[in-house]
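Down below is the structure, laid out as structure tokens.
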Amino acid sequence: MVAKVLDGLAVSAGIFERLHRACCELENNGVCPKLATVLVGNNPASRSYVLSKHRDCKNIGIQSTLIELPANTSEKELISKVEILNASSDVSGIIVQLPLPESIDQNKVIEAINPDKDADGLHPLNLGYLVTGKQGIVPCTPAGIVKLLEAHRITLEGKTIAVIGRGTTVGRPLGILLSGKGVNATVINIHSRSRNISGLSRIADVVVACAGVKHIVEPSWIKPGAVVVDVGINQSGVSSSGKMILTGDVHPLTKNIASYISPVVGGVGPMTRAMLMSNVINLSERDFRKRLYAS
């Protein structure tokens, strides 16, 4: 058995079409959605990802602006830039590209973003809404994973799902999202201090690997027919043509055991970008409704 592909490119294309129509409707009502991205330093992977986000904006019709800051930018200076964007009436959504230099407290910067402009959905208030089940802005990658599985008609309700990794951008919010009333799955959150990791993973109907460790999930960790979602993107050198070699958290031979598996390129990545664009549109629509009711 060779696993079927969870095609994030195909699913995201449909989402982008819907978002383009929504953007046109907003513009017809005098609203121009705009995303502001802050990039600190010159990390090649971060720069590439930021540019792809801005291409998505252009294709959908969302305005975008990129604020580039040097790697030696202080935490105070970065937060000051964020506060300027918070006060800008023409900015619908804000993202600060992660990771940040070690000298900057990532959490403080995220907390400085206005929750009503938090396009990444990582502000503590929006994460709190996720915990309580209140409608809010959901972190992009967790939302994208659920959409990807739903698009392939994979039932999640009542299923056991192993989430390998407990980071604040994917693992933790994904576990909350999956166990909430909207999805109703049973979640096992596996991390570096978990015991019998392979055994816990092997009982899961769905395994989501978001540990950020190359090929940590071995074929022996997967029960036959399970669904595998590979979130990991690890840089493993450069090819002879000069292209970056990317590997996932899941060993390639896992495809011979799983029923479905997401590719490292064209799997979760496009879905994350689609959910970011969706968040920007949602924030714009929310702001439009507020202004409409206030008038």
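Using the three backbone atoms N, Cα and C, a Cβ is placed for every residue, glycine included.
Feature annotations, reproduced from Swiss-Prot:
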BINDING   Gly165, Arg166, Gly167, Ser192, Ile233  NADP(+) binding site
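All features noted in Swiss-Prot, drawn onto the structure.
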residue	record	contacts (Cβ under 8 Å, 6+ apart)
Gly165	NADP(+) binding site	Gly171, Ile190, His191, Val208, Ala209, Cys210, Ala211, Gly212, Val231, Asp249
Arg166	NADP(+) binding site	Arg172, Gly175, Asn189, His191
Gly167	NADP(+) binding site	Cys210, Gly212
Ser192	NADP(+) binding site	none
Ile233	NADP(+) binding site	Leu246, Gly248, Val264, Gly269
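Ser192 (NADP(+) binding site) falls within neither a helix nor a strand when secondary structure is assigned with DSSP, and so counts as coil. Max Cα-Cα distance over the annotated NADP(+) binders (Gly165, Arg166, Gly167, Ser192, Ile233) is 18 Å.
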